[in-house]
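Written out below as structure tokens is the structure these notes cover.
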Amino acid sequence: MQGDVYDKDKQTVCPECGSTELIGDYERAEVVCAHCGLVIDENLVDMGPEWRAFDHEQRDKRTRVGAPITYTIHDKGLSTMIDWRNKDIYGRDIPARNRAQWYRLRKWQRKIRISGATERNLAFALSELDRDSSRLGLPRSVREAASVVYRSAVDNKLIRGRSIEGVVAASLYAACRRCNVPRTLDEIAEVSRVTKKEVGRTYRFLTRELNIKLPPTSPVDYVPRFASELGLSGEAQSRAIEIIEKAMEKGLTSGRGPTGVAAAALYIASVLLGERKTQRDVADIAGVTEVTIRNRYKELTEQLEMGVTL
């Protein structure tokens, strides 16, 4: 039976067995106990739309609500736009005598959407954020989180005296750490047209002023992405994570860059499993030097007594 969990106030417990798991079957207008099957109510009112749909395609066509609210657009996606195709609601062409009027309306409507200084700032910054996110291959959840951080910075008047690009980059870096989608400062700076130093300085400023608490980045967070880009197997990825966890237990990762530790662990795992990759390949993917790979490799193999040779 298709239905939803019934949560109305008038009946929350089955009078027969005492179960609180009640199912609302809107097709039959019944409320049924999921435990014993007792029909509790036969006059359930369907609060859904008045139209009917017999498959998903019809449902999509007849749904009249808009897109969900998103923080990645300056107006949160709540405003409307006049279509540029010069067609009315029924798909018919707009008469030629009215097209000049539609052009003027469209022009004014665009101006009205972005009228104030704050809206212009958000429109530019969020488009920049979307561009940087696309180049970094970040998921939508990270973009939403970064947009929230940037909006908080605007609301708290933290933008003045700083470049929009720098604040956007710092917001992205904070969102990546919050969502456990790690990206290095070098990667953020490369796509954001600001220096690594500025990104780091602005990031520290935002986290301090907005009281954002973020856990330190773990080398484990970088392993899946590096392993995928290197074409290593899932077994190699698991082995690298085991190596990192043992190293963390012994305190070998303290004061070490997480990308360097992750890269060295993956290199060791590739050697152990016969999926050998060159140090240059691993270093290029991780954004570290070959010297860093060799140093971390030596520390891990000696301290963990792994007995692996280059």
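Note: Cβ is positioned from N, Cα and C throughout, glycine not excepted.
Within the set 9-41, 141-173, 174-206, the record from Swiss-Prot flags 9-41 under the feature zinc finger. Within 8 Å of the centroid defined by the CB atoms of Cys14, Cys17, Cys33, Cys36, the record's Zn(2+) site, lie the Cβ atoms of Pro15, Glu16, Gly18, Ser19, Ala34, His35, Gly37, Leu38, excluding the listed residues themselves. A 10 Å cutoff on Cβ-Cβ distances gives Cys14 (Zn(2+) binding site) a total of 20 other Cβ atoms nearby, all chains included. The least crowded of the binding-site residues Cys33, Cys36, judged by other CB atoms within 10 A of its own CB, is Cys36. In terms of DSSP helix, strand and coil, the repeat '1' (127-210) has 63 helix, 0 strand, 21 coil. Computed over the zinc finger (9-41), the whole-number mean pLDDT of the model equals 78. Broken down with DSSP, the zinc finger (9-41) shows 0 helix, 11 strand, 22 coil.
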